[in-house]
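Copied over from Swiss-Prot, here are the features:
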{"type": "TRANSMEM", "residues": "46-69", "note": "transmembrane segment"}
{"type": "TRANSMEM", "residues": "135-158", "note": "transmembrane segment"}
{"type": "TRANSMEM", "residues": "175-199", "note": "transmembrane segment"}
{"type": "TRANSMEM", "residues": "273-291", "note": "transmembrane segment"}
{"type": "TRANSMEM", "residues": "330-353", "note": "transmembrane segment"}
{"type": "TRANSMEM", "residues": "369-395", "note": "transmembrane segment"}
{"type": "TRANSMEM", "residues": "417-439", "note": "transmembrane segment"}
{"type": "TRANSMEM", "residues": "517-535", "note": "transmembrane segment"}
{"type": "BINDING", "residues": "Cys559, Cys568", "note": "[4Fe-4S] cluster binding site"}
{"type": "TRANSMEM", "residues": "575-596", "note": "transmembrane segment"}
{"type": "TRANSMEM", "residues": "643-665", "note": "transmembrane segment"}
{"type": "BINDING", "residues": "His654", "note": "chlorophyll a B1 binding site"}
{"type": "BINDING", "residues": "Met662, Tyr670", "note": "chlorophyll a B3 binding site"}
{"type": "BINDING", "residues": "Trp671", "note": "phylloquinone binding site"}
{"type": "TRANSMEM", "residues": "707-727", "note": "transmembrane segment"}
Amino acid sequence: MVLRFPKFSQSLAQDPTTRRIWFGIATAHDFESHNEITEERLYQNIFASHFGQLAIIFLWTSGNLFHVAWEGNFESWVQDPLHVRPIAHAIWDPHFGQPAVETFTRGGAVDPVNIAYSGVYQWWYTIGLRTKEDLYTGALFLFLISAISLIAGWLHLQPKWKPNIAWFKNAESRLNHHLAGLFGVSSLAWTGHLVHVAIPASRGEYVRWNNLLDQLPHPQGLGPLFTGQWNLYAQNPDSSSHCFGTSQGAGTAILTFLGGFHPETQSLWLTDIAHHHLAITLLFFVAGHMYRTNFGIGHSLKNLLDAHIPPGGRLGRGHQGLYDTLNNSLHFQLGLALASLGVFTSLVAQHMYSLPSYAFIAQDFTTQAALYAHHQYIAGFIMTGAFAHGAIFFIRDYNPEQNKDNVLARILDHKQAIISHLSWVSLFLGFHTLGLYIHNDVMLAFGTPEKQILIEPIFAQWIQSAHGKTSYGFDVLLSSTNGPAVNAGQHLWLPEWLKAVNDTSNSLFLTIGPGDFLVHHAIALGLHTTTLILVKGALDARGSTLMPDKKEFGYSFPCDGPGRGGTCDISAWDAFYLAVFWMLNTIGWVTFYWHWKHLTLWQDNVSQFNESSTYLMGWLRDYLWLNSSQLINGYNPFGMNSLSVWAWMFLFGHLVWATGFMFLISWRGYWQELIETLVWAHERTPLANLIHWRDKPVALSIVQARFVGLAHFSVGYIFTYAAFLIASTSGKFG
């Protein structure tokens, strides 16, 4: 018998319906459920696939470099970063005739092109790249790394090169390798690149392999390092009149602690960034030598965790049993990794605009907006994935005997208190925030705006003041004129920091008022409700009062039949599915807030946000409607403009989003009846009935159809907002 797809599941391969195809795709990456899988093969397959993932990433970044070098305008952009528009790549087949060709021929190009809103130009410029040849060299290097990664992936699937299970479960060696070997060494390498290539380039010196050993990054070379006079590396930094990319106003320091921003580029000082990476290097080198491996020195993680028993007895057996639970569960490890990465990605979004590290990126408003929204959406998907794998851990990997009375078991014991508290917080935030907004709307509608309830965020303002913002008049900590912290930091980073914090033209510590207070609590509502759904899904994954035997049904099940009412929509997968809608809504509010606040800042019109953000109609009218008006009129009978493609994407995104509801509202029976009618028509239509199918067409399962609906909702939602964000920002600022 010829083996049919999927080869990993014999029962599915013999399924006579189209379920074979769709369910085969759905479970292709659920290695644990495949026939003939062993724990060792599972680890080996995942390990090898990591190299494939790296190959894809390196090929993608190589492609970015190659296309900008080939079709971009990097060299002319370098000459005038604030006025030349960076080109991402050419448009080979501009549709819609001559008007389209003229519209999209920009950035000094002779043919239609796309403008780059990714920030790669600013990144490459900051790290010392200056010519097309630099970009081609980088593209070739990354292409080779991609090929090597592919070979490494293939190699680690060969019998001789497959690591054994003990190698994968050696937690201490893995920690040391990742901390010191990956994070530590790569941070040191990056410090080296900044010191030897990027900082000299910012001072007008072009350093490459052919002159690397001739051009000393610091006049005194390695002398201060070996004589212990490290402070010499911080002396004579770039002056405030430094012209980036030239020797005008340049200093000689390579590792500084200046604080604040370079006046011309509005980005962090490169010498501060190099210092930061060197400090991280040292931290990770220390961390990478803390765990016991070959020489019997350092911590044993198992002993460390087993010793964590709080003496008061209020946490039972503390962390006992956690080592084996964690080390033997890939889902637990993945859940922790995703939770960490999700938080980190959101922090990246927050820091990229408030403390920009790339030269001139702060003045490229569309790029700033695009990068913020991009990283926040990615963070949302990663965070929901963390809870999904946490739930799968509880269903597939959790052993109650192994974890008796430890912190994990006690979380399960207290789940009803945890879930009900999250519910209470969500209800409180929702009713009060919506109540305030609606009250304010009614007051505006009745022509009495002075009767709005406007609450100043005094605690947040106090925190900003403690960090040095003086406009609120709190006179506390760093905003105090004569405190110990102020006096201690006067000769270090403080003067530049205080200048940056109190500069109204950047995004560091924006001035906040009643509108910010309200939207902050709306976002808090979204975050807490998303968390409630995710936490409930994970903690109830093994069973609940309603369905104590839930774990026997697995991660995703639609219902337990008609004889057991109330068991629909309560699988852990359903919780993940519901949470994604809340996650998308929450990040919608986050990005609306960020974007509107910044649009008014960039247009020097902050009073619009301050006055209109305190009621819902203000958001709908002065943010959404006002900024989408160009999109709604993006193409018309009189021709087209550079926003037309975004206008089309805005429309198309809405259509994809709306298609999602078709799958979310109509269930399996409707589609099965429709399919059977189409089959009847097919069999009776001449010519068409010459084609026969091997798999009997059947409707998707309830869970699969929900996933299709969710995918359309998510993709359409993001497409719609991406088009709105880029068009409304670039339409105003170019």
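Cβ atoms here come from the backbone N, Cα and C positions, even for glycine.
Feature map: annotations from Swiss-Prot on the structure.
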{"residue": "Cys559", "record": "[4Fe-4S] cluster binding site", "DSSP class": "coil"}
{"residue": "Cys568", "record": "[4Fe-4S] cluster binding site", "DSSP class": "coil"}
{"residue": "His654", "record": "chlorophyll a B1 binding site", "DSSP class": "helix"}
{"residue": "Met662", "record": "chlorophyll a B3 binding site", "DSSP class": "helix"}
{"residue": "Tyr670", "record": "chlorophyll a B3 binding site", "DSSP class": "helix"}
Problem set entry | Neighbourhood of Cys559 ([4Fe-4S] cluster binding site) by C-beta distance under 8 A, where only residues 6 or more apart in the same chain count | Thr567, Cys568, Asp569, Ile702
Exercise. Long-range same-chain neighbours of the residue listed as 'phylloquinone binding site', Cβ under 8 Å, sequence gap at least 6?
Worked result: Ala699, Leu700, Ala705
Problem set entry | Spatial separation of Met662 (chlorophyll a B3 binding site) from His654 (chlorophyll a B1 binding site) - C-alpha basis, Å | 13
For this session: Return the residues near Tyr670 (chlorophyll a B3 binding site), defined as same-chain residues 6+ apart in sequence whose C-beta is under 8 angstroms from its C-beta, sorted by sequence, else 'none'.
Result: none
For this session: Could you tell me what the rest of the chain brings near the transmembrane segment (135-158), counting residues at least six beyond its ends with Cβ under 8 Å?
Result: 44-45, 47-52, 54-56, 58-59, 61-63, 65-66, 68-69, 74, 124, 129
For this session: Starting from the Cβ of Met662 (chlorophyll a B3 binding site), draw a 10 Å sphere and report how many other Cβ atoms land inside it.
Result: 14
Exercise. Other than its close neighbours in sequence, what residues sit by the transmembrane segment (417-439), given a CB gap under 8 Å and a spacing of at least six beyond its ends?
Worked result: 411, 452-453, 455, 518, 521-522, 524-525, 528-529, 531-532, 535-536, 539-540, 614-616
Exercise. How many neighbouring Cβ atoms, not counting its own, are there within 10 Å of the Cβ of Cys568 ([4Fe-4S] cluster binding site)?
Worked result: 15
Problem set entry | Cβ-Cβ neighbours of His654 (chlorophyll a B1 binding site) (radius 10 Å) | 15
